[in-house]
């Protein structure tokens, strides 16, 4: 016999999680407003991560911390890694806190940290100040895990993949648009002398303008968080107190196997390992590409300016948007999670290997090759990145084999 539809009495009054379940039961469509808020919040969190990469080479030069030009890469690497060290140390903590007090407080706090510490990074005049502000920003910006959980909790089961797709796409877009902002707006007195004169604040702090623009955007997003509903259940025994709709129940997934150890679950652990490897790959690529392009040709680089780097990344971002809107879904539907991930991984090898040979090109040929490879690499990152691992986990879960 079919299960009865949930009634208002089956929910706990005053519980935000139950209110969200009630809303999903009454409106089975796609929550466009909530997903839009998730998208802009994710972008605000991702923008400062890679915005420094186009100008990090010049910033290390201006901070006079490297004894010679060859040491700039070392100090640039340490500065770029400081954010991720802080994030690595605090991510688990923020995930646990989000499960205790709710998703929304962590999301709001993370956006506040972007507004404050990203601006302070732009005001850095010493290397220790730059690396400290980046470390604190990474430690306090613990939004990625809660926002993924949030994107699932605001959607019905049939829209979970869409919710995660919004997070992954917004995250990738932020990682590409961020360097574009950094490249176009860094050192404004040199790039745009007709607009910014040498006695302005941006002459004393040449990397403040891109950080300030990102912080202003984050402040606008912070205001929009007012309309972000909480989704965490604020009571115990939610499985017995909250009746889910019949289409959200699956007899195969009701047994959650509390006695099983997740570390012995090979399908889950293999997905997490793939997630880690591909995230390491994307992060290294995002940081090394600007450093390589800005390096002098005698060192195997392209002698690009920060503005030229921004142009490459902006074109890659535009290509990623087109790919995500029109190409990704047919490919994913045809190949599936695993095959699309494997195909993208295999194609990424010759693409990455092609970069060093571009130093032998110049002019139009160099631009054509660099733009093409950057667009394709950004598109393949969607197929083989966190979204692929997450979709695989969801597919195993929906088939009732996640704990097998």
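Each residue, glycine too, has its Cβ placed from N, Cα and C.
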According to TrEMBL, which of these ranges is transmembrane segment: 11-30, 131-150?
131-150
Leading stretch by Cβ pairs under 8 Å, where the reference is the transmembrane segment (205-228) and the options are 72-94, 106-125, 131-150, 162-185, 340-358:
106-125
Candidates 106-125, 131-150, 162-185, 340-358; stretch with most C-beta pairs under 8 Å toward the transmembrane segment (309-328):
162-185
Result, the transmembrane segment (106-125) in contact with the transmembrane segment (162-185) (3+ CB pairs under 8 Å):
no
Feature contact check the transmembrane segment (272-289) with the transmembrane segment (131-150), CB under 8 Å, 3 or more pairs:
no
